[in-house]
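Enquirer: Let me begin by handing over the structure; questions about it come next.
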Amino acid sequence: MSYPLLERINAPGEIKNLPASDMPALCEEIRQFLIKSVSETGGHLSSNLGVVELTVALHRVLDFPQDKLLFDVGHQCYTHKLLTGRREGFAQLRRKNGISGFPSPRESDCDAFIAGHGSAALSTAIGIARAKKLKNEPGKVVVIVGDGAFTGGMVYEGMNNVSKLNNLIVILNDNKMSISKNVGQMANYLTKLRTDPKYSHVKAHMETTLERIPVAGDALVRVLQGGKQLIRRGIYKSTMFEEMGFQYIGPIDGHDVGMLTHTLTNLRGEQYAPVFLHVVTKKGRGLKPAEENPGEFHAVSSIDLNHLTDPELSPKDSFSSTFGCALADLGDDEPRLCGITAAMKYGTGLNFFKHRHPGRFFDVGMAEEHAVTFAAGLASQGLLPVVAIYSTFFQRAYDQIIHDVNLMQLDVLFAVDRAGLVPGDGATHQGIYDVAFFSNVNIPIFAPANYAELRYWLTYLVREAHGPRMIRYARGGENPALAALPCTGARYDVLDPVDGARVALVSYGAETEEIIAAKDLLAQHGVQADCVKLTQLYPLPDGVCDTLKHYDTILFAEDTVRTGGIGEQLGFAMQQCGWQGEFLLHAVDNSHLLHANVPELRKDQQLDAAALCTDILNALKEKQA
Ligand SMILES: Cc1ncc(C[n+]2csc(CCOP(=O)(O)OP(=O)(O)O)c2C)c(N)n1
Ligand SMILES: CC(=O)[C@@H](O)[C@H](O)COP(=O)(O)O
Ligand SMILES: [Mg+2]
């Protein structure tokens, strides 16, 4: 496939060398490039297809790096990367030596800030805009925020602080979708703005009328501009954005690249207030199955475009779907059980719970803080809420876990999905901190290593446990070696103990796969080792130190951070019980976390079987020396 126009753009600004008449064709080329490339490498697809014209128009108008362009969440930045000289990098998208799937200042000075977690970009943009003002720097700060991201609380904190920043342009990319259909009162409000004929018709008429008033002379211009705004405000109800000090413009067609360019060219001029541009787009535009089912094409692994399976007919084999189905079963005879998601019902598998218990399912939008405290409210009235959120997004709700759930020891079950190392999304999405922050507030933690253990321990945590408790599991499916392990119901297991073994390899969850492989590698070197798999992580299970005391060398491996991790806690406990052996700890060094597949990330982090084996062999060699 050739992209004659796109191939003429190999550096920031080169898009401006093309005539305006080429822009629709350029957008089509970009769209075809994205469909082909992302279907091969995997990545975010429907969100990127929805912002092609908007991003092209922005690049026609803005001057990088003086002007700043930010993306909320950042998963829709692919066109921006294509137009800033990174087309070649797409062959290695989200891979170790390729480009990130999110904005990355390390890749280009046209990427103003990192992104990954939603609802934060407006705050960043306000900070940058304020800094420009303080430094008397020219240039605009433009931030694209999706309607899904607009369900997150930080956006309102930012709007509350926007004051008179007239160098700021906020672009609401309104496509009615979060990952699945957008939810809540904000979504309803935006629907009204999009569809209220009184508003949009009057607005269009008044804009035309007001623009016709002839103006001349500087002072008169300012008076009339102010007058126009007063008339606008008087004649039709202002939006909440105008009430917060923005000039609201829209809703406008987010796929009309000419009109977008014209509008943005005008907005790039001196403004009397921050601008709020409401753009309406179609998520998945240009790929029919993605237009019809944008949620299914939000984040894709490599896909065969000629044989797209019906998303409804292909429930995924994963920890998430196992969790969702098991919770739905538990909900049949536990009427107190409620399922809560923060805009990720499919990602967490709660769609299965919703299907069975729609009245006890809650999607609160991209609002993890609210999700946790909402759960606390439910629990305070005797219900049993299960909050299912990715590990990385639970970071948002750390205070709510402590302040609103833990202090009152409320009956809340935290289901931490995408726990451990996560492929593809890179540094912003790794599930490596939850063990530290849940254990340091004394919340019990369970880490099933396969589906059978997930079902067993989820049942225990729903039916028998009380107070705050947490269960965590990895992205994707169970590893075959771990699927073969029997579910003993024990809180830790010594797997196939070997008589006389003096080395213990200890781990939990998905990382257990590596210590099992390391045991085989050690046996090839004549070293017998036992594998000890923890299922209850916190508090450490009774008896585990007594069991481990019989070994001379213990290696602990976990795909979470070292400080505050279980390895650190176990090492201290072994010291406390008087054990004199050697304790080796392999954990995540979060100073270098790239976008890569799990095997690569584990290798990078010395968490793969070979690294564990080498560490033991070296330790034994030193002992013998
Ligand atoms: C704090 C946080 N919660 C959840 C997510 C997962 N997530 C990524 S994109 C997305 C939906 C974004 O919707 P929107 O902002 O409307 O962008 P669109 O995909 O529609 O362009 C969600 C929930 C996230 N990145 N950050
Ligand atoms: C951008 C974002 O935060 C989500 O789209 C995330 O990438 C989804 O992750 P999974 O693919 O693991 O559901
Ligand atoms: Mg959206």
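Every residue gets a Cβ built from N, Cα and C, even glycine.
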Enquirer: The thiamine diphosphate site in TrEMBL includes HIS75, GLY148, ALA149, GLU368. Which of ASN97, ASN175, ASN406 is also listed there?
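Expert: The candidate from ASN97, ASN175, ASN406 that TrEMBL ties to thiamine diphosphate along with HIS75, GLY148, ALA149, GLU368 is ASN175.
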Enquirer: Measure from the CA atom of ASP147 (Mg(2+) binding site) to the CA atom of HIS75 (thiamine diphosphate binding site) and give the result in Å, rounded to a whole number.
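Expert: Cα-Cα distance, HIS75 (thiamine diphosphate binding site) to ASP147 (Mg(2+) binding site): 14 Å.
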Enquirer: Measuring Cα to Cα, how many Å separate ASP147 (Mg(2+) binding site) from GLU368 (thiamine diphosphate binding site)?
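Expert: Cα to Cα, ASP147 (Mg(2+) binding site) and GLU368 (thiamine diphosphate binding site) are separated by 16 Å.
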Enquirer: Using a 10 Å radius around its CB, how many other CB atoms surround GLU368 (thiamine diphosphate binding site)?
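Expert: The answer is 30 other Cβ atoms.
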Enquirer: What three-state class does DSSP give ALA149 (thiamine diphosphate binding site)?
Expert: helix
Enquirer: Would you mind sorting out which binding-site residues among HIS75, GLY148, ALA149, GLU368 put a C-beta under 6 angstroms from ligand 2?
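Expert: What lies within reach of ligand 2, judged by Cβ under 6 Å, is HIS75.
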Enquirer: Which residues does GLY148 (thiamine diphosphate binding site) neighbour through Cβ under 8 Å, counting only same-chain ones at least six apart?
Expert: VAL73, GLY118, MET177, SER178, ILE179, ASN182, ALA343, GLY365, MET366
Enquirer: Which binding-site residues out of HIS75, ALA149, GLU368 lie by ligand 3, going by a Cβ under 6 Å?
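Expert: Once distances to ligand 3 are taken from each Cβ, none falls under 6 Å.
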